[in-house]
Amino acid sequence: EPVRYRTAEMADAMLGSEALAEQPVLLSAVPAEASGGPAEACDGAAAGDACGPAGSGQAREQPVLEPVLPAAAEEQNGTDSAKAPKVNCEERNTTGIERFTLQILNVSQDLMEFLNPNSSDCTLVLFYTPWCRFSASLAPHFNSLPRAFPTLRFLALDASQHSSLSTRFGTVAVPNILLFQGAKPMARFNHTDRTLETLKDFIFNQTGIEARSDVAVTEEDWEGPLPSVLTKGIDWLLLFSVLFLAAFVMYATVRTDSIRWLIPGQEHEHQE
């Protein structure tokens with residue numbers, strides 16, 4: 001039987017050959033048929049045997065080392081292994097649009113009128129209040145987003161004026177940023193660092209849409225349309241809640257039997 005070697009190192013040691021390649025590849029010793037050339041090795045057991053297949057003796061097969069390339073390693077954290085976007089947004093047609101800006105809803109406008117439930121376009125909606133300092137610090141960064149993502153839509157609404165929407169979408173605190181696809185909320189921005197870069201990363205991770213690299217926060221973004229200066233006002237809903245709670249506590253206190261004697265004109269009822 002032809003001579004077989006389990007590894008390339010054993011073949012080199014037995015045949016006295018040098019390493020065929022310096023690259024870190026696997027080698028297998030596979031015996032091949034003799035080519036019949038003049039430089040072919042012969043069996044030295046019988047001195048009279050001729051070399052080659054024409055001789056009376058049997059020629060020894062020369063093992064040939066064939067390189068076997070290792071299997072390609074799976075790429076990790078590369079562009080090929082990047083995760084698919086979570087929300088497949090339909091990018092809007094920007095033909096004819098010269099100015100990309102944020103739209104703020106007034107008290108008479110309903111958010112659902114601006115969201116098309118039959119489409120797959122995406123809208124980023126901000127719930128804010130003009131007296132919240134966190135909303136004011138976010139304002140210039142959110143104002144610059146329409147220029148960074150011209151194919152998306154951006155809306156903002158005062159949560160204190162749209163309390164029903166705030167309750168519907170779970171707006172416990174402001175600012176609250178939701179990504180809508182059509183009329184369905186798909187993702188919520190939960191980072192405490194609310195800057196243009198973190199907002200860009202959030203949109204890219206959710207939709208796969210890359211932001212324009214030449215967009216930055218400018219002085220116009222600090223001026224509007226979303227106000228970056230706190231406005232003083234009265235939260236009538238909060239004031240009504242406090243007054244109602246105070247009235248209820250006073251009523252419960254008056255109706256308590258244990259302190260009726262503190263109120264003038266109230267006498268204890270005695271049972272014989």
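Please read every residue number as a count from 1 along the shown chain.
Glycine is no exception: its Cβ is also placed from the backbone N, Cα and C atoms.
From a predicted model like this one, the values you see are computed outputs, not experimental measurements.
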Would you please say which range out of 12-36, 37-61, 137-161, 162-186 has the annotation region 'Disordered' in TrEMBL? 37-61
DSSP says what for the domain 'Thioredoxin' (62-208): how many helix, strand, coil residues? 36 helix, 34 strand, 77 coil
